[in-house]
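Here is what Swiss-Prot records for this protein:
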type: TOPO_DOM; residues: 1-61; note: topological domain 'Cytoplasmic'
type: TRANSMEM; residues: 62-82; note: transmembrane segment
type: DISULFID; residues: 112-207; note: disulfide bond
type: CARBOHYD; residues: 147; note: N-linked glycosylation site
type: CARBOHYD; residues: 163; note: N-linked glycosylation site
type: DISULFID; residues: 185-192; note: disulfide bond
type: DISULFID; residues: 298-377; note: disulfide bond
type: CARBOHYD; residues: 306; note: N-linked glycosylation site
type: DISULFID; residues: 315-373; note: disulfide bond
type: DISULFID; residues: 328-350; note: disulfide bond
type: DISULFID; residues: 330-342; note: disulfide bond
type: CARBOHYD; residues: 370; note: N-linked glycosylation site
type: CARBOHYD; residues: 405; note: N-linked glycosylation site
type: CARBOHYD; residues: 421; note: N-linked glycosylation site
type: TRANSMEM; residues: 460-480; note: transmembrane segment
type: TOPO_DOM; residues: 481-495; note: topological domain 'Cytoplasmic'
């Protein structure tokens, strides 16, 4: 007898025994109590139709109400499923709004001479066209060049001019802006001069920007449509020249209209005005707002180090600069950032091949949300309409020839007249918007719950509470059964 009690002791004091004793103290409802619990829930829940099933004594009515409830639940599930599918397709709508204002900010205007270099300098360094094409390659959006850096003449020049600075050469021997080349400048009735323009390097060499930077944006506004910037430029054809082989055979001015917060981008986007022409440009301000992924393709988390305002063009320049600086140990002067400037030998041996490598491998891509440079979330553009007329007239030719002390032929072959005005004092906002927001989705789902089942969030909580309680009882019941089976099948312990 004593031996039997000692053998039972460890089993009762084991972990399973303790769990069983603890669970056995939790009272489980009897089958009658469980039926009463189910019935009370059915007649008290705010889920419409269930109490009609529970309270009706007529079997036919029970079946009818059961069919109604099941049908309503089926329709509810179908409607909610379709709403969720539609939401996760991330649909968008586009709204267009026109805002009228008393004053409107004037854009930046960057212009360049189509004849990029001084004739005298080109006569001494004829290779400059080829060299500049290699150097300015960093500004092009997409291009994979052939093996064009292997010209013997170019290689000889690079080898014999190790200290040659193409930056200083272009700055000193490219197009310049002074009172001779800027014959007349007027902005909204006020005279402007070369000091109001900022020098920038582009693929066209020396270029000049009016109204560039955030510090001047606030003061350069116009309050009357039809009045803006007027420029009369002298391109000095006899002093500046270009290589007609790659397509620089025109004479005149190329210009681009852009946001004061963004750098000029000429790659296929410039407007041009030939000599002997008056270009009348009317513009409108268009603001575009894109949604972030997954509704749109923009990424608001991307910030640029060298630009206050994000743009795809600025992002691509920083991306190229990062790869070139890492792989070549230098930085092209046309790209943003701080670093040792690349010399011509670096351009030949490293920068140009790396640019081809970047393009082939897709290291600097643009457009979609997962690209290196997705579309900006906000951008301002200036769609332009341009009209030309012959300039100057015969009488104006005589007047300008006398004023500038030049021949009439010189006036016709060198002067370019550009006028840029707003068509209206308004701007258009094109905004991409979420077709279905989270509050709208919740409201729609709530409406479906109310329409088909007369339910609400409180009803859902009631159902969750009912299911949790029922599951808890079933779980405790089966757990006790399992523990009892384990103790029965465990071998007896012997001393």
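Counting begins at 1 with the first residue displayed.
Using the three backbone atoms N, Cα and C, a Cβ is placed for every residue, glycine included.
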Chain residues outside the transmembrane segment (62-82) and at least six past its termini with a C-beta under 8 angstroms from it: 49-50, 52-53, 56, 445, 448-449, 452-453
Where residue 350 (disulfide bond) falls in three-state DSSP terms: helix
Residue among disulfide-bonded residues 112, 350, 373, 377 with Cα closest to the Cα of residue 185 (disulfide bond): 112
Integer Å distance between the CA atoms belonging to residue 192 (disulfide bond) and residue 421 (N-linked glycosylation site): 16
Integer average pLDDT (0 to 100) for the topological domain 'Cytoplasmic' (481-495): 66
163, 207, 298, 306, 342, 405 screened against residue 373 (disulfide bond), Cα within 10 Å - retained recorded positions: 298
Between residue 370 (N-linked glycosylation site) and residue 298 (disulfide bond), the C-alpha gap once rounded to whole angstrom: 9
Least Cβ-crowded entry, counting other Cβ within 10 Å, from the disulfide-bonded residues listed as 112, 328: 328
For the disulfide-bonded residues 207, 315, 350, the one whose C-beta sees the most other C-beta atoms within 10 angstroms: 207
Largest tally of Cβ atoms lying within 10 Å of a Cβ, found at which of the glycosylation sites 163, 306, 370, 405, 421: 421
Rounded distance in angstrom between the Cα atoms of residue 112 (disulfide bond) and residue 192 (disulfide bond): 18
Packing count at residue 330 (disulfide bond) (other Cβ atoms within 10 Å of its Cβ): 17
Cβ-Cβ distance under 8 Å to residue 377 (disulfide bond), same chain, at least six residues away: 289, 290, 291, 292, 298, 299, 300, 310
C-beta crowding around residue 342 (disulfide bond), within 10 angstroms: 25
Residue 192 (disulfide bond) in three-state DSSP notation: coil
Inter-residue Cα distance where the pair is residue 315 (disulfide bond) and residue 306 (N-linked glycosylation site), in Å: 9
